[in-house]
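Quick look at what TrEMBL lists:
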- 11: active site (ACT_SITE)
- 137: active site (ACT_SITE)
- 95, 96, 97, 98, 99, 100, 101, 102, 103, 104, 105: ATP binding site (BINDING)
- 67-145: domain 'GHMP kinase N-terminal' (DOMAIN)
- 199-273: domain 'GHMP kinase C-terminal' (DOMAIN)
Ligand code: ATP
């Protein structure tokens, strides 16, 4: 196989709790991760010239060592003594810097792609080891599907898949720095923590109402007061029939969970009235 086309899916967090701030600055988390059907397309092709060449349809994204895809290819070339080069093309749809792990997902896809085109025969575990050196969320993106992520996000447990539903994803045109959000999280003063264990039970029971009643992300305590548009979108989705709505990751992407496709599509249409929403999609949960 000389070339491969990979779907690189985004994720949402059904629950996000921060349990501890470590002395090294990292945060210990408990997150329920779910892959969704919104994906970037990554094409990788072997080339004779010993070079990594990368193109991306978003001109503001780097296509050099600063891109996680490039980093994954370079690291694996070095680690496995690969003398051939690789030509990479990335087509983005996942909102950038938005809490959907787009970069980590692209990185995971690149690791899988290198494994395939250079016939490295790596196990998922070996790929996760490479991934974690590039980002805490990369191992999860290699797994995909529904998972509990603990530690700094790299300790993964497979959990029951999310029941069938429609997920409306809405990204306002603001940028939120992940570092800023974590730095400003008043961990000792949090009044409430997400019921992650309760949600795990709801997932097992395929109880969508239970899941929707427990959607919670502690990072909203930082982002919502600063960016009220996040609350406005959440409230709008609930008014339009969402069973629950939440900010994903460190934001600003908001998602709403719907039982019926028709209701979700109607809510999608209605988002036109909120000018700040720059990207919106209706997708379904994906199991990989
Ligand atoms: P997370 O949910 O893991 O915090 P995110 O969705 O908030 O991730 P990304 O879309 O992964 O954020 O992008 C964060 C930054 O990473 C961008 O500002 C960009 O410069 C850099 N980056 C590096 N590689 C990529 C990539 N392949 N796609 C998108 N961003 C990338």
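FYI, residue positions are counted from 1 along the chain as it appears here.
Just so it is clear, glycine is given a Cβ too, placed from its N, Cα and C backbone atoms.
Taking the features listed in TrEMBL, we show where each one sits on the structure.
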residue : record           : CB count, 10 Å
11      : active site      : 29
95      : ATP binding site : 23
97      : ATP binding site : 19
99      : ATP binding site : 27
101     : ATP binding site : 28
103     : ATP binding site : 23
105     : ATP binding site : 29
137     : active site      : 24
What's the CA-CA gap between residue 103 (ATP binding site) and residue 11 (active site) in angstrom, rounded?
11
Any of the recorded positions 11, 95, 99, 103, 105 with a C-beta atom under 6 A from ligand 1? Give them in order, or none.
99, 103
Close to residue 137 (active site), taking Cα pairs within 10 Å and only the binding-site residues 95, 97, 99, 101, are 101
Can you check what DSSP calls residue 11 (active site), collapsed to helix, strand or coil?
strand
Using DSSP and three states only, what is residue 97 (ATP binding site)?
coil
Please count the residues of the domain 'GHMP kinase C-terminal' (199-273) that DSSP assigns to helix (H, G, I), strand (E, B) and coil.
43 helix, 11 strand, 21 coil
Where residue 99 (ATP binding site) and residue 11 (active site) are concerned, what is their Cα separation in Å, rounded?
8
Can you list the residues of the same chain, besides 95, 96, 97, 98, 99, 100, 101, 102, 103, 104, 105, whose Cβ falls within 8 Å of the ATP site's Cβ centroid?
10, 94, 249
For the C-alpha pair, I'd like the distance in angstrom between residue 95 (ATP binding site) and residue 11 (active site), rounded off.
11
Cα-Cα, residue 11 (active site) versus residue 97 (ATP binding site), nearest Å, comes out at 13
